[in-house]
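Undergrad: The structure is given below, and queries will be raised subsequently.
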Amino acid sequence: MENAPILPIRAELAVTDLIPFGYDKERSFFALTLARPQWAEWKPGQFIMLRPNSWNCELTWARPFSICRVTPQSLVLFFQVAGRGTKEIAKLKPKDTVTVWGPLGTHFAVENKPTLLLAGGIGIAPFAGYVEQHPVQNQLSMFFSHRLPEQYYPVESLTRHIEVETRYEQKQEDLTGTIQTIRQKMEETAKKNGLVLACGPMPFLKTVWKNALELNVSAQLSLEQRMACGIGACLGCVSVTSALYPDKEKAGLPVQTCTKGPVFWAHELNLDAQ
Amino acid sequence: MENAPILPIRAELAVTDLIPFGYDKERSFFALTLARPQWAEWKPGQFIMLRPNSWNCELTWARPFSICRVTPQSLVLFFQVAGRGTKEIAKLKPKDTVTVWGPLGTHFAVENKPTLLLAGGIGIAPFAGYVEQHPVQNQLSMFFSHRLPEQYYPVESLTRHIEVETRYEQKQEDLTGTIQTIRQKMEETAKKNGLVLACGPMPFLKTVWKNALELNVSAQLSLEQRMACGIGACLGCVSVTSALYPDKEKAGLPVQTCTKGPVFWAHELNLDAQ
Amino acid sequence: MINMHTTLRAKNGSALELKTPVMSASGTFGYGTEFMPYGDISKLGAIIVKGLSLKPRAGNPLPRIAETPCGMLNAVGLQNDGVEAFISQKLPLLPASEVPIIANIYATSAEDFAELANVLSHEEKVSALEVNISCPNVKAGGVLFGQNPLMAGSIVQAVKKNAGSLPVIVKLSPNVTNIAEMAKAIEEAGADMISCINTITGMAVDIRSRKPLLANIVGGLSGPAVKPVALRCVWQVAQTVSIPVIGIGGIASAKDVLEFILVGASAVEIGTASFTDPAAIFKIIQDLPGLCEELGVKNLEQYRNSLITG
Amino acid sequence: MINMHTTLRAKNGSALELKTPVMSASGTFGYGTEFMPYGDISKLGAIIVKGLSLKPRAGNPLPRIAETPCGMLNAVGLQNDGVEAFISQKLPLLPASEVPIIANIYATSAEDFAELANVLSHEEKVSALEVNISCPNVKAGGVLFGQNPLMAGSIVQAVKKNAGSLPVIVKLSPNVTNIAEMAKAIEEAGADMISCINTITGMAVDIRSRKPLLANIVGGLSGPAVKPVALRCVWQVAQTVSIPVIGIGGIASAKDVLEFILVGASAVEIGTASFTDPAAIFKIIQDLPGLCEELGVKNLEQYRNSLITG
Ligand SMILES: Cc1cc2nc3c(=O)[nH]c(=O)nc-3n(C[C@H](O)[C@H](O)[C@H](O)COP(=O)(O)OP(=O)(O)OC[C@H]3O[C@@H](n4cnc5c(N)ncnc54)[C@H](O)[C@@H]3O)c2cc1C
Ligand SMILES: Cc1cc2nc3c(=O)[nH]c(=O)nc-3n(C[C@H](O)[C@H](O)[C@H](O)COP(=O)(O)OP(=O)(O)OC[C@H]3O[C@@H](n4cnc5c(N)ncnc54)[C@H](O)[C@@H]3O)c2cc1C
Ligand SMILES: Cc1cc2nc3c(=O)[nH]c(=O)nc-3n(C[C@H](O)[C@H](O)[C@H](O)COP(=O)(O)O)c2cc1C
Ligand SMILES: Cc1cc2nc3c(=O)[nH]c(=O)nc-3n(C[C@H](O)[C@H](O)[C@H](O)COP(=O)(O)O)c2cc1C
Ligand code: FES
Ligand code: FES
């Protein structure tokens with residue numbers, strides 16, 4: 001995040017594959033593979049904005065998705081159907097084209113120390129690339145809590161490289177267990193002077209955020225906010241910073257999640273202001 | 001048109017086929033085959049309203065199309081790409097579903113006398129069914145003027161049954177020829193105390209209408225107006241009647257083209273009021 | 001299945017009893033009979049018929065309608081056969097014992113409004129009046145009445161005085177600086193209920209022919225495109241008045257109906273959606289109880305105006 | 001290729017010279033630099049930056065934006081770092097010698113508007129002011145100024161007096177009963193140009209959580225859904241005033257640009273379309289000459305206001 005910014009580009013990309021991971025009456029999950037954009041560089045934690053070229057103007061905005069993985073041939077995203085837009089995206093077929101701009105935003109820190117990855121549900125998406133690109137994979141461990149069976153998520157691609165503890169939350173009580181596990185694992189990481197990286201729904205992130213402040217452990221959170229532009233122009237996606245935010249003029253004020261985030265240091269945020 | 005009204009129904013129908021007849025830089029032509037709706041009855045000249053079920057609310061209205069042909073298995077339409085809606089309809093694939101309501105409106109008269117069919121461009125659509133259903137096909141003859149090569153239109157299905165004279169209008173001068181031919185053929189029909197049926201663009205219909213009044217020949221015109229509902233409710237599609245309109249309360253006033261038409265007797269219309 | 005029965009209470013204590021809060025919007029449902037092939041019109045909350053005037057009106061020249069993104073423009077100009085023809089020819093065909101029939105009325109003066117009210121108040125098959133002071137497509141009266149609280153008030157008084165026991169609904173225009181102020185004036189003038197919104201004045205043109213898409217140049221915008229404006233208007237009006245508010249504007253699903261009830265509507269009208277699909281209103285009525293059940297809404301009156309704004 | 005050069009002449013004879021009539025709309029193009037990866041911002045007609053106030057403003061709480069059919073609602077509430085930070089940090093980054101930079105300004109009193117004008121009039125890199133008296137998302141000032149001809153007039157006078165030689169564009173709200181009347185008052189108060197429309201007040205709600213989709217409850221509607229309303233406003237204003245009119249509202253293609261020019265706009269601004277695709281404005285600028293050629297439009301000034309209404 002301290003380095004020179006990575007320049008985004010806009011590209012029209014062909015869909016090469018769309019693989020369903022699992023259907024549920026509420027949600028379905030897909031891996032979407034696109035032709036690789038001409039990116040010079042990208043870093044895990046960054047995201048893209050995506051809009052199918054077949055859309056007419058009824059749906060006004062593109063949709064933000066974490067970059068899951070980039071190969072020499074392709075850009076891979078992992079998404080769940082959440083509403084109207086993702087429902088349409090799930091209908092894409094090979095050779096359909098989409099407009100993508102990215103890579104956007106900040107990325108997760110890579111440090112040679114014990115690193116705990118905390119993923120909630122679809123928040124697992126950015127960690128696939130993070131783990132694969134990490135130079136010292138044996139420093140990494142993950143805790144993944146999810147509401148649907150494990151095979152709905154791209155867990156296998158992670159267990160190939162690192163140790164993953166998963167919790168399938170089926171009942172309300174399981175949530176309490178998740179919160180306890182997060183606390184306990186963050187305590188261990190704090191003792192080892194390690195790093196915590198978290199991505200998931202807002203209540204999940206708030207839990208991690210509170211623990212990070214209490215335990216004074218280095219932690220980064222990837223935030224999700226409604227986004228219209230993804231490039232800092234609309235001011236729709238802001239998150240409120242804490243007094244510790246390095247840009248003093250913005251400390252305690254709203255900053256764009258799409259350009260100053262989505263990955264923030266926990267202590268630089270004030271999630272209570274949301 | 002004097003008989004008991006034909007009750008329309010609304011149905012969701014599967015597309016069974018979409019056959020391109022020809023592409024041009026300006027227009028392309030298709031025969032669209034749908035599963036047959038459960039109609040008790042229909043008559044050539046009537047139309048349907050069609051809206052693909054995949055459309056979101058960006059395009060507000062269904063689109064009106066003449067019924068081209070109904071077989072025991074299927075409902076066949078013939079259409080050209082004219083704008084945004086027909087462009088989308090041209091992308092339909094087998095198994096896609098569309099919502100259709102019909103049969104709607106009035107139909108062409110069937111009389112055992114020399115009957116001249118005048119079709120301009122896509123106005124040929126309703127005549128396929130008319131000719132096939134006609135009890136005395138040797139009374140029928142057709143003049144068809146068109147701006148794109150003949151193979152773009154379903155002419156073959158007609159020449160199998162009746163004599164068709166075609167004029168391929170490539171230059172402005174050809175239009176003058178068309179107007180002369182229409183006059184001459186209508187004069188012949190007038191002499192034989194025959195019937196003229198016309199379907200085509202408004203300038204074409206105005207020519208026929210003027211001739212019909214001057215020559216005092218029985219003639220019916222199928223009018224095209226922008227339609228929102230197709231069932232008489234919105235009053236968007238009105239045509240102005242003449243003093244001779246049989247419903248005296250409506251004589252000289254606007255009436256719904258979708259329910260009182262689209263097929264009108266020429267002398268009951270006042271096309272100059274448009 | 002939760003009960004959708006809705007009571008719209010008028011000031012004099014009389015009430016419109018609706019099987020469901022979903023009615024047809026004037027000008028989009030003809031005289032009701034047009035929709036008989038597509039559903040059972042006696043299942044509607046009420047049938048609001050095409051706007052009626054004292055004398056027949058030919059309406060505006062063509063083109064009168066144009067499609068716009070998620071909506072449409074119309075400048076029909078209140079074409080109708082006049083109130084007498086309605087009473088003698090259309091009203092007898094309607095199942096008025098099973099579904100309330102509401103006459104939407106339009107005139108160019110308070111006197112004519114009064115006379116329309118008077119004529120219709122003697123018709124047993126008419127259950128209420130909806131006063132259109134918000135039509136943007138006519139030169140005289142129309143939205144001009146609806147943009148001036150004093151003028152609107154005097155029309156409401158004239159109608160009320162002549163409407164006998166019929167509840168009087170006044171239909172508001174969104175084409176005003178302050179719709180809450182208009183609503184207040186209309187409530188004070190004695191209206192029993194308010195419906196909103198009528199269409200928003202708009203325009204569309206063809207860059208090739210260089211002509212407007214409507215012969216009238218401007219027309220009224222309706223359909224899903226206006227739903228956010230309609231919701232805002234209903235919310236502002238419902239915060240201001242204590243008489244029932246009927247929501248209109250871009251409603252195309254049971255979900256949309258609940259949105260309007262959530263911001264304070266007691267009932268709703270379906271307009272443009274009936275063009276997109278003639279079965280739309282029947283489907284909305286059918287879907288509504290199930291959606292309520294899914295959301296745990298036991299009672300529409302409790303859900304109404306329950307927006308959490310804190 | 002026909003020349004797209006457009007001159008917007010101010011009352012004092014000075015002029016804004018634009019390479020193309022297509023500018024960015026305030027609040028949708030950040031400070032310009034955000035779009036550099038997606039096109040050459042010096043090719044724009046002008047860059048109108050995010051609304052500036054004297055002091056920094058934190059804006060409204062989240063959520064601030066919501067998607068609606070063919071449009072969106074926003075209640076950003078004019079978050080900005082203040083005019084000083086703009087001048088010291090943003091302005092130096094902009095290619096002002098190649099493309100006019102227009103500062104959009106907002107204040108809660110005529111005095112503050114005057115001071116903003118004064119501060120900006122000393123900046124060589126600023127080519128004009130656009131006065132926002134039409135923002136529906138702020139409690140003080142905003143659209144309230146734009147709904148009252150007297151108040152609007154006094155602000156225009158205050159800004160004009162302090163703007164030096166800078167042309168003053170006044171941005172109108174569609175949330176009024178009579179936009180032509182407002183435009184007339186603003187022209188008489190000395191405005192050099194008028195731009196319209198700002199957003200239409202709207203609302204969206206979630207039936208499950210029973211909460212508004214915006215923390216501010218109401219917000220401003222923009223995007224293709226509002227285009228018919230915007231075209232009507234521009235047409236009404238252009239019929240009324242003799243100063244240049246800049247069209248805004250739902251423009252997403254070169255065709256849309258010509259629609260606004262046809263009804264009387266001298267130039268246009270692209271807003272929400274820049275969110276749908278960050279390259280939208282560059283594509284529109286690129287497509288415009290070709291579309292003119294296709295239509296046989298030799299000259300934009302001749303095409304302007306050439307709507308055939310007879
Ligand atoms: C930086 C970032 C990265 C993301 N990465 C992923 C990912 O890798 N995989 C994945 O499945 N999802 C991801 N999401 C969430 C994803 O963008 C939303 O699920 C999606 O936009 C929902 O769109 P919809 O039209 O289906 O839902 P609707 O609810 O119909 O959308 C309405 C509006 O709300 C917005 N919205 C709805 N849910 C969310 C949400 N959770 N976060 C932000 N905006 C939302 C939509 O973008 C849209 O603008 C990410 C979000 C952000 C901000
Ligand atoms: C009774 C009737 C029968 C028809 N039969 C046929 C047929 O068999 N085959 C065929 O190809 N076309 C037929 N048409 C014309 C066809 O409906 C239009 O070409 C089509 O609606 C254009 O839609 P669009 O979205 O592609 O064009 P757009 O121009 O994008 O449409 C915009 C609006 O204008 C309306 N519109 C545009 N052109 C026409 C037109 N010529 N007539 C009426 N409304 C129009 C559309 O319905 C739509 O509401 C018929 C029209 C009518 C009224
Ligand atoms: C074609 C058409 C005709 C209309 N005629 C009338 C009318 O006669 N009287 C009236 O009060 N409103 C009339 N309206 C307005 C509608 O009743 C309704 O208020 C408006 O369309 C908004 O609702 P919607 O978005 O659901 O269509 C008409 C609307 C349309 C589209
Ligand atoms: C997110 C957002 C922020 C806006 N901020 C401003 C602003 O600061 N000042 C202003 O005058 N208009 C502002 N507007 C209004 C736009 O400039 C424009 O007038 C309006 O969006 C209509 O145009 P469109 O439909 O092309 O978006 C904003 C609009 C949006 C969507
Ligand atoms: S999404 Fe527009 S500023 Fe972040
Ligand atoms: S299309 Fe609605 S009345 Fe004919």
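Including glycine, each Cβ sits where the backbone N, Cα and C put it.
This is the feature table in TrEMBL:
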DOMAIN    C:16-289  domain 'Dihydroorotate dehydrogenase catalytic'
BINDING   C:Ser26, C:Lys50, C:Gly51, C:Asn104, C:Asn132, C:Lys171, C:Ile197, C:Gly223, C:Gly249, C:Gly250, C:Gly271, C:Thr272  FMN binding site
BINDING   C:Lys50, C:Asn74, C:Ala75, C:Val76, C:Gly77, C:Leu78, C:Asn132, C:Asn198, C:Thr199  substrate binding site
ACT_SITE  C:Cys135  active site, nucleophile
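So that I understand the layout, could you describe where these features sit and how close they are to other parts?
TA: The Cβ neighbour count for C:Ser26 (FMN binding site), using a 10 Å radius and every protein chain shown, is 27.
C:Thr199 (substrate binding site) counts 29 other C-beta atoms within 10 Å of its own C-beta, drawing on all protein chains shown.
Cβ-based neighbour count (10 Å, all protein chains) for C:Cys135 (active site, nucleophile) stands at 26. C:Cys135 (active site, nucleophile) carries neither a helix nor a strand DSSP state and counts as coil.
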Undergrad: Would you mind listing, in sequence order, the residues at least six apart from C:Ile197 (FMN binding site) in the same chain with a Cβ closer than 8 Å to its Cβ?
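TA: In sequence order, the residues whose Cβ lies under 8 Å from that of C:Ile197 (FMN binding site) (at least 6 apart) are C:Ser134, C:Leu172, C:Ser173, C:Pro174, C:Val226, C:Val229, C:Ala230, C:Cys233, C:Val234, C:Ile248, C:Gly249.
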Undergrad: Cα-Cα, whole number of Å: C:Ala75 (substrate binding site) versus C:Gly271 (FMN binding site)?
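TA: Counting only the Cα atoms, the answer is 15 Å.
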Undergrad: List those of the binding-site residues C:Ala75, C:Gly77, C:Gly271 whose Cβ lies under 6 Å from any atom of ligand 3, in sequence order, or write none if there are none.
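TA: With ligand 3 as the reference and 6 Å as the Cβ limit, the list reads C:Gly271.
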Undergrad: If you measure C:Lys50 (substrate binding site) to C:Ser26 (FMN binding site) at Cα, how many Å is it?
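TA: C:Ser26 (FMN binding site) has its Cα 5 Å from the Cα of C:Lys50 (substrate binding site).
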Undergrad: Near C:Gly77 (substrate binding site), meaning Cα within 10 Å, which of C:Ser26, C:Asn132, C:Cys135 (recorded positions)?
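TA: The recorded positions passing the 10 Å Cα test are C:Cys135.
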Undergrad: For the recorded substrate site, enumerate neighbouring residues of the same chain (Cβ within 8 Å of the Cβ centroid of C:Lys50, C:Asn74, C:Ala75, C:Val76, C:Gly77, C:Leu78, C:Asn132, C:Asn198, C:Thr199, site residues themselves excluded), in sequence order.
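TA: Near the substrate site, the remaining chain residues are C:Gly27, C:Gly51, C:Cys135, C:Pro136, C:Asn137, C:Val138, C:Gly220.
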Undergrad: At its widest, how many Å does the recorded FMN site span between Cα atoms of C:Ser26, C:Lys50, C:Gly51, C:Asn104, C:Asn132, C:Lys171, C:Ile197, C:Gly223, C:Gly249, C:Gly250, C:Gly271, C:Thr272?
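TA: Greatest Cα separation within the listed binding residues comes to 19 Å.
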Undergrad: Say we define neighbours as other CB atoms within 10 Å of the CB. Which of the binding-site residues C:Gly249, C:Gly271 has the fewest?
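TA: Selected from the binding-site residues C:Gly249, C:Gly271 on minimum Cβ neighbours within 10 Å: C:Gly271.
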Undergrad: Just how many other Cβ atoms lie inside 10 Å of the Cβ on C:Gly51 (FMN binding site)?
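TA: If we count other Cβ atoms within 10 Å of C:Gly51 (FMN binding site), we arrive at 23.
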Undergrad: Just how spread out is the substrate site if you go by the largest Cα to Cα distance in Å among C:Lys50, C:Asn74, C:Ala75, C:Val76, C:Gly77, C:Leu78, C:Asn132, C:Asn198, C:Thr199?
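TA: The widest Cα-Cα gap among those binding residues is 16 Å.
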